[in-house]
Amino acid sequence: MLFLKQRGRGTVDCNVIHELRKGLVVKLEEVLPPPISLPDRRLEHLVETAVSAQIDNCIYHSSDMESLYEDHHCDRDQFPTETIQTLTNHMNEVWFVQFSNYGQYLASSSSDCTAIIWNVQEDNKVSLKHILRSHQNPVSFVAWSPNDTMLLTCGNIEVLKLWDVETGTCKHTFGNDGFIVNSCAWFPDSKRIVCGSSVPKNGIYMWDCDGNEIKAWKGVRMPKVLDIAVTADGERLISILSDKEIRILNVATNAERVISENHSITSLSTSRDSKFLIVNLNSQEIHVWDISGNGSEPFQYRGHKQQKYVIRSCFGGFNSLFIASGSEDSKVYIWNRRYSSPIEVLSGHLNTVNCVGWNPRKPQMLASASDDQTIRIWGPSSMFH
């Protein structure tokens, strides 16, 4: 311990002096106005503001800031802009593609009446795991269980099937001639699913994995259900009704909020943090709405082409800071969520791109499904260097 000599009076503890000074500063800050002394936690706030500003200005943001000693910048060559693999196992148009929640698998569905489960390897190569054959009609979309052990496949104007991911066997078939399923989603416990019907009055059913009905929303006033989603926290059930309405239902309280769009909605998706939903419109716009109701207007994104077909988009990339969408001009469009115009337009497909999916655990990996019968896996150009 360091001691200071006083004139003929022994020693003084420096720690005592430090504490006295510290106490004096605290008392002065209580009586002096802000221009003279810094408010509590002001420096911390300034640093956080500076960090946020740098991230906001980083168009291709794909990694954490490593240091405050230099400006933050992510290069485009770390962003998925190049085709790293083309998958050609489907025999007809590919309508849907989605990575599993833990990023180890990819699922696709096609008008060839099959769905395929793919392995995502450590070296980012994608390989065939199972071809799922049981549907009599084209398979319009798929949905992963939150624990990634099961996959739902939805036949076009047909039934819903539940598959075991490891074995590739069908565990259950939901729906029949009287109840045609056209959309589905999982609750976070991986034990309950909800299914919507495009037939008016049939409404929405909640089932367990054995097909036992838990709850139903149906009746004379129930319109057709075009798409459905459950937020990752399981608190809200979101459905697209009668082309232009978004219904947000609080599952616990049954409180409803309805958002009306001016143009037909073709698809619905939610963010992994349960805060936002995204819809594609046939007016060639993508709208992002705050699920909680903060803000009366959506964020709007433009640039892609969509007038005739069902085109799907998704959130993704590092911290879900980006939006990707298919397009009728055979391209994939990517937006930074802070900008309404795309930052990247990816070429390679030869026909309409119906759907895109971003790997939640590998933010540099993107998949796209096209009418050209292929799936493209996109990665950063730095992989080729």
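Note that Cβ sites are derived from N, Cα and C of the backbone, with glycine treated the same way.
Automated prediction, rather than curation, is the source of TrEMBL annotations.
TrEMBL lists 87-128 (among others) with the feature repeat 'WD'. Sequence-distant contacts of the repeat 'WD' (87-128), counting only residues of its own chain at least 6 positions beyond either end whose CB sits under 8 Å from a CB of the stretch, comprise 135-144, 146-148, 151, 153-156, 163, 165, 168, 310, 312, 351, 354-362, 365, 367-377, 379, 383.
Predicted-model confidence for the domain 'Translation initiation factor beta propellor-like' (127-214) is 92, expressed as mean pLDDT. Sequence annotations record features per position, and here TrEMBL assigns domain 'Translation initiation factor beta propellor-like' to 127-214.
According to TrEMBL, the repeat 'WD' annotation covers 132-173 (among others).
Annotation source TrEMBL lists repeat 'WD' at 346-378 (among others).
If one looks beyond the repeat 'WD' (132-173) by at least 6 residues along the same chain, the residues whose Cβ comes under 8 Å of a Cβ in the stretch are 92, 95-96, 98, 100-102, 104-105, 107-117, 180-190, 193, 195, 198, 209-211, 232, 355.
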